[in-house]
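Asks: One structure coming up, written as structure tokens, with questions to follow.
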Amino acid sequence: MEKQGLTILLAAPRGFCAGVDRAIQIVELALAKYGAPVYVRHEIVHNRYVVEGLRAKGAVFVDELDEIPDDGCPVIFSAHGVPKTVPEAARERAMFFIDATCPLVSKVHREAERHFKNGRQLVLIGHKGHPEVVGTMGQLPPGAVILIETAADVQALEVADADNLAYCTQTTLSVDDTASVVEALKRRFPAIEGPHKEDICYATTNRQAAVKAIAQKCEALIVIGAPNSSNSNRLVEVARNHGCGKAMLVQRAAEIDWTWFEGVRTLGLTAGASAPDALIDEVIEAARERFALVLKEVRIIDENVTFKVPGVLAA
Ligand code: 0K2
Ligand code: SF4
């Protein structure tokens, strides 16, 4: 039987960002330099395939430092950043730790500290309980940061001094939703200080813009990423909000129910910042087995950001 035709519009940029690339390199270089085990606090990035791959090479993933024995082996903090209490506890135990926090997350940490030093109350826009939010809030003493998630939360805000406020954001939020939260903040507190727009990083911004560029042309769209990956979930929302109602998050090709795509002639495909190319290729190959495939990349911008690994691991 002849295969049904399917065009895949491949969003670009997609997949790994510079911070994820650096974080994974840090674990790999530490394994090569010091041997196994290398401990990693939290998933180095939110992707099971990446985590399993590193585990197979000798990385040991833990939720908290108290699960790690005092054996002198390196301890790596994940790309999402950690509260100040984590390096403090590591220092107290004389652990050899290497921080894989993305430099763009660390930049937000420093902004938060600067506002606090200048006596401003800090409002953080982010998702409650996400490790990056826990890390950013943990740069300041308990109670110093008020977390909000939506524009509706702005109305309920109770602040000590409306003229002495600042805001920061999580790096992986929806660009559009965050713009409306920032607008609500500025409307209610005209003197509030903050970044030029928000702290959403280049990779999050570009991946969302690339989805917007294809969403209307696609009858369905697949985002490759993990359920706990903030930036990946935002890509599904962006697709749905920009004309592609049939958008779904998948971790691996094996999860895809291809009957879902009956009658679909144009499928959008992208991947979150923590999803490796191997998983994108896997989905393309699975589609090729079932359809007469035409692959078209739609690139909206070239990325050339790279981050150096910490000096202790540099060649
Ligand atoms: O998007 P998330 O912050 O949930 O994290 P990952 O899916 O691991 O992507 C990497 C971003 C890490 C920090 O911004
Ligand atoms: Fe850094 Fe952005 Fe990648 Fe997060 S998504 S690791 S902030 S570059």
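Using N, Cα and C of the backbone, Cβ positions are placed for all residues, glycine too.
TrEMBL labels come from automatic prediction, so no person has curated them.
Copied straight from TrEMBL:
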BINDING   C17, C102, C201  [4Fe-4S] cluster binding site
BINDING   H46, H80, H130, T171, S229, S230, N231, S274  (2E)-4-hydroxy-3-methylbut-2-enyl diphosphate binding site
BINDING   H46, H80, H130, S229, S230, N231, S274  isopentenyl diphosphate binding site
BINDING   H46, H80, H130, S229, S230, N231, S274  dimethylallyl diphosphate binding site
ACT_SITE  E132  active site, proton donor
Asks: Starting from the isopentenyl diphosphate site formed by H46, H80, H130, S229, S230, N231, S274, give every other residue of that chain whose CB sits within 8 Å of the mean position of their CB atoms, in sequence order.
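Replies: The answer, listed by sequence position, is V45, P131, E132, T172, A226, N228, S232, G272, A273.
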Asks: Counting across all protein chains present, how many other Cβ atoms fall within 10 Å of the Cβ of N231 ((2E)-4-hydroxy-3-methylbut-2-enyl diphosphate binding site)?
Replies: 26
Asks: Given the binding-site residues T171, S229, S230, which one is most crowded in terms of C-beta atoms within 10 angstroms?
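Replies: Counting Cβ neighbours within 10 Å, the top one is T171.
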Asks: Taking the center of the Cβ atoms of C17, C102, C201 at the recorded [4Fe-4S] cluster site, which other residues in this chain have a Cβ no more than 8 Å from that point?
Replies: A18, G19, V20, A79, L104, V105, T171, T172, Y202, A203, T204, A273
Asks: Please give the maximum pairwise Cα distance, in Å and rounded to a whole number, for the dimethylallyl diphosphate-binding set H46, H80, H130, S229, S230, N231, S274.
Replies: 15
Asks: Cα-Cα, whole number of Å: T171 ((2E)-4-hydroxy-3-methylbut-2-enyl diphosphate binding site) versus the residue listed as 'active site, proton donor'?
Replies: 8
Asks: With respect to ligand 2, which members of the binding-site residues H46, H80, S229 satisfy a Cβ distance under 6 angstroms to one of its atoms?
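Replies: Qualifying residues: none.
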